[in-house]
Amino acid sequence: MFRSTAVSARHVSRGFAQRRLASTKTVKEVLDEVIPKKQLQLKQLKTEHGQAVLGDVKVEHVVGGMRGLKAMLWEASVLDPNEGIRFHGLTIPDCQNALTAAPGGKEIIAESMFWLLLTGKVPTEAETRQLSRQLAEKGDLPEYIEKLIDSLPPTLHPMTQLGMGVAALNHESKFQEAYERGIKKSEYWTYALEDSLNLLARLPALAARIYRNVYNPGKPIPKINKDLDLVGNYVNMLGYGDNHDLTEYLRLYIAIHGDHEGGNASAHTSHLVGSTLSDPYLSYAAALYALAGPLHGLANQEVLRWQMNMQKELGDDITHENIEDYLWKTLKSGQVVPGYGHGVLRYPDPRFMALQDFCESRPNLLADPIVQLVKKTYEVAPAVLKEHGKTKNPFPNVDAASGCVLYHYGLTEFKYYTVIFGVSRALGCLTQYVWSRALGLPIERPKSLSMDAIEKLIKQ
Ligand SMILES: CC(=O)SCCNC(=O)CCNC(=O)[C@H](O)C(C)(C)COP(=O)(O)OP(=O)(O)OC[C@H]1O[C@@H](n2cnc3c(N)ncnc32)[C@H](O)[C@@H]1OP(=O)(O)O
Ligand SMILES: O=C([O-])CC(=O)C(=O)O
């Protein structure tokens, strides 16, 4: 599967590159061109196809977490159960071919992914670099945020701190200020974009300050380098700037965790909160608290804890049989196997495969016992989960792989891992925030029913 998509990717990317080779537009200028076309598309959908049926609403949807219910508009990515995520039609290998890397690097950088998600177009190198610079120039934290974060107890979970910092940044919201001033609905998106760029720019400094306070109190944090990309600066501020491989890993990680269509809990939360015209900061803070749940983003912390416990219990020479027994022990104790299963996917997550490929291409990394353990677990777990018979998807999701590489490079503090995911998921949530305002989407308000009301409806 991966090879054939990579071939089509080269084709796709060459096409994109030829069309936009010389462009040096800003992201706002590209959106100015793209938005009217999408507004027209939505108008036509509403007027010409408003009554078209996309599926039935069954009782199982209402009582089963709305799994499979087609009930949200989300522009930047669509998830196929077997093929995985596509960002504006591009697979992860397509993106790896088409999107700009950092100077001296190979992996996708956050800026080029954000540009693609927002505009549906592959940015030129000049556009990507200019966005990197724009973000670096906006990246410093206001003093009151530094004071707020520094005042928190280091024992407070890093995700709680991240959500608090993001929410408090709404003191700066241009969207909220403009709304209070009384702007027209057609202008909402421009302020939403300004807030989104400011928030994205500041997330690395915020996330790095939390890391410093919790794990390295008192250690100076390097200043933002205006010539570096967003993740390059983030890794620098975390204190790992001299580790090229970790920097590249985090570039890939942050780009591919950025968006996973709209129904996942973090994206859906930001979409719902944003629909009330809460500003981008508050909407994204809400998303972070959904990401902080162990069935969602926190699973990356849980995976590593679980794999380390397995290693502690089973020692160094772990066989496939040992892992099988450990899996059954976890399942029989009524716990989920973290990093396995998915609400939509029914095949190994291509994000997991991309992270595994990263390991495969680096012998030192591949030889690490924890990376080996994750790989061996993948060789055993799907069969065990199939035999267990409960989960609809016995394959690994992205969280099965993400933590072990961080661990190898010395970023061993599991409780911090979801914060990195939280820096990434802003790419998708903020993209949709801008589009929801550009398209004038209404406040979300589905109809709920009590069990008695459902029974009454069935009898009718
Ligand atoms: C970035 C991400 O958010 S990716 C997901 C990260 N989360 C995890 O890795 C946690 C482990 N996985 C899970 O808990 C689930 O697979 C989820 C939350 C991801 C998806 O949940 P669902 O869509 O409800 O999965 P599904 O329909 O397959 O669940 C059916 C049953 O299988 C169980 N199941 C699903 N996955 C697993 C698993 N990994 N281990 C054990 N049991 C599982 C469910 O708990 C459920 O049991 P129940 O009937 O007793 O409630
Ligand atoms: O899609 C989902 O439900 C969960 C997930 O993998 C993500 O949000 O990245």
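Cβ from N, Cα, C; glycine included.
Just so you know, TrEMBL annotations never went through curation; they're auto-generated.
Within its own chain, H296 (active site) has N264, A265, S266, A290 as residues 6 or more apart in sequence whose C-beta sits under 8 angstroms from its own. Taken from TrEMBL, the feature active site covers H296 (among others).
Residues or ranges marked as active site in TrEMBL: H342 (among others). Long-range Cβ neighbours of H342 (active site) (same chain, at least 6 residues apart, Cβ-Cβ under 8 Å): D349, N393, F395, N397.
Look at TrEMBL and you will find D399 (among others) tagged as active site. Taking a C-beta cut-off of under 8 Å and a sequence gap of six or more, D399 (active site) has these contacts in its own chain: G297, A299, N300, E302, V303, P338, G339.
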Kindly assign D399 (active site) to one of the three DSSP-derived states: helix, strand or coil.
helix
